[in-house]
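> Please find one structure pasted underneath; my questions will follow.
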């Protein structure tokens, strides 16, 4: 699959505009037909575009999209990738553009992806004193953020938005009160004891999920429950890594009504009201 030069330049402009506006990189860049090019793949396209211009003194007519494989690599295969990478650098005096997953096979990763795998491999060895059993090809959610660390200390470890939801379901409590009333550091203390409401939960867990690398929005809704009444409610819409864009992540579903990830706390009726919290907001 490939895109023409004009389309690529438009993607590049939108990527740069997003970075300037949001002070971070987007999770993906879309083509004109809606295909999502994930950030590592787009950055590899950008590198190849810049290499072509530098070498040829002109822009290419098109840039190919080379989706990288996903999944996990056993440690034995990763060691072989590392050996081939080091051999290439020693022989050629430079790094390779791509590294094949297995010698003689076509599946490969870009240099940037491989170096991220290598970084995560070294981090694991440093922290655990041993090699991992496997290395994930694509970057995994980060667990190093301030609020992520605080939540892990309180409820135990998790590795993505799905396992976080399950930990919340097992360890946290819901308590009804109006709107947001406590800052995030208090919410962390109360979520496993007296409990917190949907608003304070959204403020806290939106921070956690954003630190992990997900796209997160707080949604203001009305839900109709089994008693036939409508209630104002806040939940999260989350996308990235293992979750499809816009997946419902509802603290009250996890802690009170016991529904699975992706389902709102009440299912008899659902109305979208807006985005963000209406009223005072702590910990902006």
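Quick reminder: no glycine exception, Cβ is built from N, Cα and C everywhere.
The region 'Pseudomurein-binding repeat' annotation in Swiss-Prot covers 4-31, 34-65, 70-100, 106-137 and is backed by experimental evidence. Taken from Swiss-Prot, the feature active site applies to 198, 233, 250, supported by a curator's inference.
How buried are the listed features, and what sits near them?
Packing against the region 'Pseudomurein-binding repeat' (4-31) from elsewhere in the chain are residues 37-39, 42, 45-46, 49, 59-63, 65, 213, 215, 239-240: each is 6 or more residues past its ends and has a CB under 8 Å from a CB in it.
Note on the region 'Pseudomurein-binding repeat' (34-65): mean pLDDT across this stretch is 83.
The Cβ of residue 198 (active site) lies under 8 Å from the Cβ of 174, 233, 234, 235, 250, 251, 252, 265, each of which sits 6+ residues away along the same chain. Secondary structure from DSSP puts residue 198 (active site) in a helix.
DSSP assigns residue 233 (active site) to a strand segment in the three-state reduction. Cβ neighbour count for residue 233 (active site) (all protein chains, 10 Å cutoff from its Cβ): 23.
DSSP assigns residue 250 (active site) to coil in the three-state reduction, placing it in neither a helix nor a strand.
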